[in-house]
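> Below: one structure in structure tokens.
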Amino acid sequence: MEQGSGEYFVRIGVGSPPTSQYMVVDSGSDIVWVQCKPCSQCYPQSDPLFDPTISASFSGVSCSSAACDRLAAETSSTSNSAASASCRDSDRCRYEVSYGDGSYTKGTLALETLTFHDSAVVHDVAIGCGHSNKGMFVGAAGLLGLGGGSMSFVGQLGGQAGGAFSYCLVSRRSGSGSGSGKLEFGRGAMPVGATWIPLVRNPRAPSFYYVGLSGLGVGGVRVPVPEDLFRLTELGDGGVVMDTGTAVTRLPGPAYAALRDAFVAQAGDLPRTGSGVSIFDTCYNLNGFVSVRVPTVSFYFSEGPVLTLPANNFLIPVDDGGTFCLAFAASASRLSIIGNVQQQGIQISFDGANGFAGFGPNVC
């Protein structure tokens, strides 16, 4: 698994013979899809477009198929993505997925063979063959959905994986020659010695992996934030989601402001810049510094565990001139998202069948 511009990629062989493609790893959505020929609208990607006509294992899905029925049954909308199936003009099952940032993919549903590491072969995976696609996927050919729904890759593995997978996102500052991250599926991927917390189920957004967050900490001290800001309501609003497809952690406005103010107060010796950068409003000019001491940032989970982040996971470089910013931002809604910047370097595991998420014990 490798890093892109804000996303993490996995190299997958699509079809027979396998055509290698970079796919975005996204635990916040379900549908697996790849850009396909012929393409009426495609964004630039680093690999040649996948051509289904030269794959011996590519099989279009009919409207009466179980896969099309499953996609239609799961048609739902969350703050992150919305998926739908239709059969307007032919017997072929058509799909459409739109994402919260305005990206989308449209095309036909098919069954195809996916190959991992040149040896692990999974047959008859329902994938979207995207003929009209738009988004900031920066070179990736498509997306590997790892959400909690039955149409995700994990869901389609069924008993082979038992709803379980584990990953370790390599740190962005580890250097290009330091190796790749790791993505593993199945019960055997569940680590011994991890710290486990219960997953919180939201019937209105079954694709998301919700966790119970009770508070935030800076410098080992809890920030005065009401726990209700992180609570999932009976109507399915709010809550806290862990998502590899989102880069920066988003918090409800009052929670973010409290975290930022506590960090600024404890990092008073660091020189702040006169303005923010992009979505970041708290930045520092660290040009010329060999090392700096910064307060820690921690997540306090509802069942007791505390996850304290390394500095690389919350103070990140945004240019080549020594500008570093606090890598959190205010959410436009009550939903909180723990993004991949905060997850990097930490082994993360999901045991969907038993309803737990795990941290550690390994690092990457």
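Each residue's number is its place along the chain shown, starting with 1.
Keep in mind that glycine also has a Cβ here, set from the backbone N, Cα and C atoms.
Okay, these came from TrEMBL:
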- Asp26: active site (ACT_SITE)
- Asp243: active site (ACT_SITE)
- 8-360: domain 'Peptidase A1' (DOMAIN)
> Do you know offhand how many angstrom separate Asp26 (active site) and Asp243 (active site) by C-alpha?
7
> So of Asp26, Asp243, which of the active-site residues has the fewest other Cβ atoms within 10 Å around its own Cβ?
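If we count Cβ atoms within 10 Å for the active-site residues Asp26, Asp243, the smallest count is at Asp243.
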> Do you know the mean pLDDT across the domain 'Peptidase A1' (8-360)?
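Across the residues of the domain 'Peptidase A1' (8-360) the model's pLDDT averages 92 on the 0 to 100 scale.
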